[in-house]
Structure formats: structure tokens, C-alpha cells
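Colleague: What Swiss-Prot records for M1 is N-acetylmethionine. Residues or ranges marked as ATP binding site by Swiss-Prot on the basis of sequence analysis: G22, K23, G24, G25, V26, G27, K28, S29. Summarising the annotation, Swiss-Prot assigns [4Fe-4S] cluster binding site to C196, C199 and lists sequence analysis as the type of evidence.
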Amino acid sequence: MEAAAEPGNLAGVRHIILVLSGKGGVGKSTISTELALALRHAGKKVGILDVDLCGPSIPRMLGAQGRAVHQCDRGWAPVFLDREQSISLMSVGFLLEKPDEAVVWRGPKKNALIKQFVSDVAWGELDYLVVDTPPGTSDEHMATIEALRPYQPLGALVVTTPQAVSVGDVRRELTFCRKTGLRVMGIVENMSGFTCPHCTECTSVFSRGGGEELAQLAGVPFLGSVPLDPALMRTLEEGHDFIQEFPGSPAFAALTSIAQKILDATPACLP
């Protein structure tokens, strides 16, 4: 596909947030999805850019599998997820013939697609663009940061789980952010205990507090802990809106609190 005829498709995006994790399996895409939904329910217009090219799970989480991406006069039109067009999504998952098709590409081709996603998706006016990145640190992260740098991203959320091995990976992720000049907005600890679906009591499954302790040691904000919640897992599998359907759950309280902290940390120029 040729480059968009008119550059500057991110000109109408007020704030860009990258979501990172030091390793796979910590629920990074879950946090990206639910953060976007929470911001949307807070009255913001939100886009999600899924650059996790080898594991594009967000279309399924949002019930958008099988949707088609169309060309417009400015490049690609994102997939809108509601009638009001208040939340939109772009993912490599929309470009695959089958949802479970493997992306077997070398680095240069991946980097080229990331740059094309940044330049050619016609987002229009957005309050927030949430960028879901691959796990770890790689050329794809560098390509994403370099492509977004002219638009001055608000910063990065780093997702971890309570286990020491995950916390150790996050240390490397924080170092990566410092070396690339990417501000760390805060750390989110996911899978922090299990919420019983009957009594809503939260029981520790792994160790607890590793994310908060790491945030204190690194001198970055700790944004909150999100418990394992069967209702959250079910809505992700079914492509439903957890924030809308389970407003009384502990996971809802945690996710909306994180979103509010993001809103509070946003410069006052955003209405």
C-alpha cells in the first residue's frame, strides 16, 4: 500500500500513551484494552493502536474479529467500535486472512508496518491514543518510539505481575524507557490476587506488592493493582465491555482508579 497522500494523521491526537511489559503473559493487552474503555466511559474519545504484531489479541477482546479495514483519502480508516465513534482500533489482526494466522515476518517488514500504522491511520480527533506494544524490548519498540517521537507521547505505562521474575523484567523495561527518553507514567501490577466470584473476597495467588515496591525504588508512580477476576476474563473472551457490565467489581474499581490517575496526570490543556 502506498503512503497516505497527506501526512499528519496524528495531528488531531492530543495524548499518546504506550503500554509496555518486560515479558509476555502479564496481561499487558488486557490493561491496554480496559484502560481505553475506562477512558472512553470517562467521556474521552479514544483510539487503540495494536502494534503487538505477533500476538494481536485486542480485536478479539473488543469483539471486533473479522472486521474489515477500509482505505480513505488519508490512508486507513480505523475500525470504530461504537455508534458514537468514541473508540476506535487499528491492529494487524484486521489484515490477516484468518484470526489465528501466524505473522512470520523479519524485523524490517515489521518495522515498516509499524511506521505505516503511525503515519497512515486516519484517527481524526482523539483525546487519547493507547498503543499496545509487544512484550519485552526489541527493534519493534524502537521503531514505535521513533515513529511517535515527533508527536511527543505523554509517556508509558509498564505492566507487571507480583512475581519476582516479572518484576526483574520490569527493571529492564524501566532502563529501556530511560535510555530512549520515554517518560514512565507509572507501574500497574496485574493479577494481584484472585477475586472470588461469589463473595468478592480477594485471595493472594502469587506474592503481592512487588510492583509497588519496584515503583518506590525506581521513583515512579504506582498506579494500582488489578486482581484476577473471572468476570473480566469472561468479557475479554466474549468481546464485551467489562467496564460497562461489572461496575461493582474490585477489578472495575482498580481499572477506573488507574484511568483517573492518568486523567489527573494529563496536562491541563486537555478539556
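The backbone N, Cα and C atoms fix where each Cβ goes, and this holds for glycine too.
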Colleague: So, three-state DSSP: helix, strand or coil for G25 (ATP binding site)?
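Modeller: Looking at the DSSP assignment, G25 (ATP binding site) belongs to neither helix nor strand, so coil.
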Colleague: Rank the binding-site residues K23, K28 by the number of other Cβ atoms within 10 Å of each Cβ and report the first-ranked residue.
Modeller: K28
Colleague: State the count of C-beta atoms found within 10 angstroms of the C-beta of G24 (ATP binding site), not counting that atom itself.
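Modeller: I get 15 for this one.
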Colleague: What residues, ordered by sequence, lie under 8 A Cβ-to-Cβ from S29 (ATP binding site) and sit at least six positions away in the same chain?
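Modeller: Sequence-distant Cβ neighbours: D50, D52, G55, S57, I58, M61, D132.
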